[in-house]
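The following features are taken from TrEMBL:
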{"type": "REGION", "residues": "1-241", "note": "region 'Pyrophosphorylase'"}
{"type": "DOMAIN", "residues": "9-142", "note": "domain 'MobA-like NTP transferase'"}
{"type": "BINDING", "residues": "12-15, Lys26, Gln79, 84-85, Gly150, Glu166, Asn181, Asn239, Arg344, Lys362, Tyr377, Asn388", "note": "UDP-N-acetyl-alpha-D-glucosamine binding site"}
{"type": "BINDING", "residues": "Asp113, Asn239", "note": "Mg(2+) binding site"}
{"type": "REGION", "residues": "242-262", "note": "region 'Linker'"}
{"type": "REGION", "residues": "263-492", "note": "region 'N-acetyltransferase'"}
{"type": "ACT_SITE", "residues": "His374", "note": "active site, proton acceptor"}
{"type": "BINDING", "residues": "Ala391, Asn397, Tyr398, Ser416, Ala434, Arg451", "note": "acetyl-CoA binding site"}
{"type": "REGION", "residues": "461-492", "note": "region 'Disordered'"}
{"type": "COMPBIAS", "residues": "467-476", "note": "compositional bias 'Low complexity'"}
Amino acid sequence: MSANRPAAVVVLAAGEGTRMKSATPKVLHAICGRSLVGHVVAASRELDPEHLVVIVGHAREKVVAHLAETDPEVRTAVQYEQNGTGHAVRMGLEALGDSGIVLDGTVVVVCGDTPLLTGETLRKLSDAHAADGNAVTVLTAEVPDSTGYGRIVRDEATGAVTAIVEHKDATDAQRAIREINSGVFAFDARLLVDALGKVRTDNSQGEEYLTDVLGILREAGHRVGAAVAGDHREILGINNRVQLAEARRLLNERLLHTAMMSGVTVVDPASTFVDVTVTFEQDVLVHPGTQLLGATHLAQDAEVGPNSRLKDTTVGRGAVVDNTVADGAVIGEGANVGPYAYLRPGTRLGAKSKAGAYVEMKNAVIGEGTKVPHLSYVGDATIGEFTNIGAASVFVNYDGVNKHHTTIGSHCRTGSDNMFVAPVTIGDGAYTAAGSVITKDVPPGSLAVARGQQRNIEGWVARKRPGSAAAQAASAAERDARPGTQETDGGQ
Ligand code: UD1
Ligand code: CA
């Protein structure tokens, strides 16, 4: 733990975010598997603050419920009317005070709409703040286009920060400044409380600006400092959905960069999408068009894609997953999945097993070396080891009211086009005939045949479809056939 653990981090998230044009509050929009405010809270956590307070206002029930799920330790404070960033921080500090908390040390303020901000940058800011003994340190950045941002005004002679001027309040000369306020600050707690009481609302928006605290502290003779962010893209604030997409792209790039540097081959980063919660081992190979979501983990030498979407799925060592959609599945070591497989929650594929082309599985436990190679639905089932399920089989698990379970043993060979009408059990080493509808248990080692007998009605086409192409083809075949070699099975 760092020596300068902040007393509190205050996250501003009360605004509506009108420019998102959304029924969902801005800070709950998500990129890379986490809400905007969730990213900011996670970065703030890296500072290990004594208190973490999120200021909520607009749609606060939704925001509070979301925070309770993502980080139950977070406190929330309500700002009933959005009277500005200074007012928001004041509400947060007052709420802490009402809970009997006396802040002493550093208070870090961040905005809830800057998802690319890293814990590392926050750490640098708070370290610089402590090292310089500042009353306030603002995180700034040089941006290509400073439109809309608060401008950092510096003393021409000394270079010291003298004020932050909001875009709407800025002169033309000030608007030309490229260095902007990121909205992230480190404050001395006591001086902040004092200065917030002096912030006025005589500006173009009639709001209490947090940025005015800088001028107030400076005029009172306190040290005001700035830390310049190494990468201006990190402080990108999301105000609309174009910026949301841009932030998603940048964060995705960052996540893939980390993965590649740790030994993952990403064939095409531009068409590969990952959530922050995805983990990789070395020598994983990810093909184009792949989305890796939630708590997905890819073990060493796993190969995923192209065109796959895995959510909360574990892929074992050396397993191959091709053109597959999986959700909540566990894929064993060396298993083979796809192309065109759909693995739903509760699927557990054993080592070296197979879920092949056009196979859907749900709540199915498949033993080591067992294969379901083609065109099948396996739902609510347990299958032992080294069994082969014939093509086009359906585990008939639903009677219209309840779901039932099918159990198939080890070393079984089930025929193609079988229906296993659950609940049903097939013993170890049993076989079933192609086209069977299995409704009764099959003892170990038996062959089950459950289908109608075939009968051939000879001459039917000549009688019922005379002159048709079929009848002509049949009579040609009869002419060509050597007598005595025709075999029929039970004609009439
Ligand atoms: C703010 C800064 C600006 C900076 C920019 C960086 C002020 C006055 N301006 O401008 O200098 O360059 O951020 O992105 O601080 N919020 C509340 N309650 C309020 C108002 C805002 O909680 O009453 C929250 C918003 O939800 C948002 C954050 O504060 O998360 C910033 O508010 P926003 O309206 O986006 O401020 P900007 O105009 O972008
Ligand atoms: Ca903003």
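FYI, residue positions are counted from 1 along the chain as it appears here.
Cβ from N, Cα, C; glycine included.
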DSSP-derived helix, strand and coil totals, residue by residue, for the domain 'MobA-like NTP transferase' (9-142): 55 helix, 34 strand, 45 coil
Position of peak Cβ density within 10 Å, selected from the binding-site residues Gly84, Gly150: Gly150
Integer Cα-Cα distance in angstrom, Tyr398 (acetyl-CoA binding site) to Tyr377 (UDP-N-acetyl-alpha-D-glucosamine binding site): 12
Of Tyr377, Tyr398 (the binding-site residues), the residue whose Cβ has the fewest other Cβ atoms within 10 Å: Tyr398
Rounded inter-Cα distance in Å - His374 (active site, proton acceptor), Gly84 (UDP-N-acetyl-alpha-D-glucosamine binding site): 61
Ser416 (acetyl-CoA binding site) and Ala14 (UDP-N-acetyl-alpha-D-glucosamine binding site), distance between Cα atoms, whole Å: 60
Maximum Cα-Cα separation (Å), residues Ala391, Asn397, Tyr398, Ser416, Ala434, Arg451 listed as binding acetyl-CoA: 22
Cα proximity to Ala434 (acetyl-CoA binding site), best match among binding-site residues Lys26, Gly84, Asp113, Gly150, Asn239: Lys26
Close-lying binding-site residues around ligand 1 among Leu12, Lys26, Gly150, Asn181, Asn397, where CB distance stays under 6 Å: Leu12, Gly150, Asn181
Contacting binding-site residues for ligand 2, chosen from Gly150, Asn239, Arg344, Tyr398, Ser416, Arg451 when the Cβ sits under 6 angstroms of any of its atoms: Asn239
Nearest of the binding-site residues (Asp113, Asn239, Ala391, Asn397) to Arg344 (UDP-N-acetyl-alpha-D-glucosamine binding site) - Cα to Cα: Asn397
